[in-house]
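Trainee: This is the structure I have questions about; it appears just below.
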C-alpha cells in the first residue's frame, strides 16, 4: 500500500474514533452550560439562589407551626388561613412596589433591602404573644418576601445570557425547594428536641439568618448591565409613569394574561403548601416525624421539578412546560386529596405532585423577562407575579373557611384544580418566547401581535 494511502487511512481512522467519542455540540452545551457562565453570571446566580432559598425557609416555617397555634392559641382553621393569606397579600404589594423601585434604583439595591426586611420580621414573629401581633409581623414579613422575587428574578434574567436563561432561572427557583426542605428538617429537629411552646418560636428565630446574605450580595453581586445601560441612555421618568406604562393599550393584554398565569400557578401551589402539614397531621393522623417524612418526599419532587422545568423550558418551550405542569398538577392533586388511597400511596404520590406543581415556576422568571421591555421590565414582572400572588393569597383563607363545610382535603382539591385550570387557559392566550432576544424599548407600534415587544438588541 502506498505511503500516502496509509497516512490517509490512519487519519480517517482517527477522525472516526474522535467523532464517536465527541458529543454533539448541543449535548456538550447541555452538559457543560454552567462552566460556560462567567464570574458575574455565576455570582449573580449564587446570590439569587441563596436569597430565594432563605426566602422560602422564612415563609414556609409558618405552615409547620399551624397545628401548634390551633391548639395553644385556640384559633380556628379560618383564622390560621388568614395568617397565611395576609403574608401573601402583603407580598403582592411589596413585590409591586419593589418592582417599581428596582426599575428606578437598581436590582441589587432592592434585592439587599428586601432580604434584610423579611429576615427581621420573621425573627420578630418568634416573640409574638397573641394572634394580633403575629398578624402584624406576618404582614410586614410579606412586603420583603414579595420584593425579593421581583428584584432577583429580573436581575438573573438580565445578567445570564439568553441561551442559558431558562436553566439559570430554573436553578435559582429550585432554591425554594431547598428552603422548604430546610424548614421541614428544622421542624422535625426542633419539635423533637424542644418543648412545643418553644419549638415554634425557634423556627421563626432562625429566620434571621438571611440577613447575613446581604453582606455577601453587597460585595460580590454587581448591578445588571442591561439596567445600567438603560438608565444611562434613558433617564428615569418617574415611578408612577413606569407603573402606568404596563397598562398602555399595547401592553395591557400581556399584563392581564401574565397576571392570570401567575394567579393560577401561585394560587394552586399555596393552596396545598400552607395546608399540607395540617392535613397530614389532623386528617391523616401522622406524627411529627411522619409529617416531616411525607413533606420531604414532596420537597424532593419539587426540587427535581424545578430542575426538569428549567431544561424543558429551554428545549420544548415555555408554554408547553407550563401546560404539562398544569395538567399534571391538577390530576395528581385530585388523586392525592380525593381518592380513597392509603398513606403509603400518598407517600408515593407526593413525589410527582411536588414535581408537577413546581415545574411551572422554572419558566416563570425568564418568560416574564422576555415579555416586557427593559424600562418597565421589573415593574411589569413585579406587578404580574405579585398580582397573582395577591389573588392566589385568598385561596388558603377560603380553604380554611370551606373546611368546616366539605372537609380539608376536598377544599384543597377544589381550589387547587380550579387554579390550575385558570393557569392553563392563560397560557393558551400568550405567545411563545423561546429563542427570542430580550425586548428593547421600542415604540408600541413596532410590537408584534400578542403584546410582547419586538426586540432589536441581542440578549
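Cβ from N, Cα, C; glycine included.
Please treat TrEMBL annotations as automatic predictions, because they have not gone through curation.
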Trainee: With the ranges 198-217, 218-237 to choose from, which does TrEMBL describe as transmembrane segment?
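Mentor: Feature transmembrane segment in TrEMBL: residues 198-217.
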Trainee: Do you know which of 168-192, 368-392 TrEMBL annotates as transmembrane segment?
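Mentor: That would be 168-192, per the transmembrane segment entry in TrEMBL.
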Trainee: Scan 15-40, 405-430 against TrEMBL and say which stretch is down as transmembrane segment.
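Mentor: Of 15-40, 405-430, TrEMBL gives transmembrane segment for 405-430.
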Trainee: Given pairs 6 or more apart, does the transmembrane segment (322-339) have at least three Cβ pairs under 8 Å with the transmembrane segment (49-75)?
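Mentor: No, the transmembrane segment (322-339) does not contact the transmembrane segment (49-75).
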Trainee: Can at least 3 Cβ pairs under 8 A be found between the transmembrane segment (198-217) and the transmembrane segment (108-127), with each pair 6 or more apart in sequence?
Mentor: yes
Trainee: For the transmembrane segment (405-430), which partner among 49-75, 168-192, 258-280, 292-313, 345-362 gives the most CB pairs under 8 Å?
Mentor: 258-280
Trainee: Are there residues at least six beyond either end of the transmembrane segment (133-156) with Cβ under 8 Å to its Cβ atoms? List them, or say none.
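Mentor: That would be 44-45, 47-48, 51-52, 55, 58-59, 62, 69, 82-83, 86-99, 101-102, 107-108, 110-111, 113-119, 121-122, 124-125, 168-169, 172, 221, 224, 364-365, 368-369, 377-378, 381-382, 385-386, 389.
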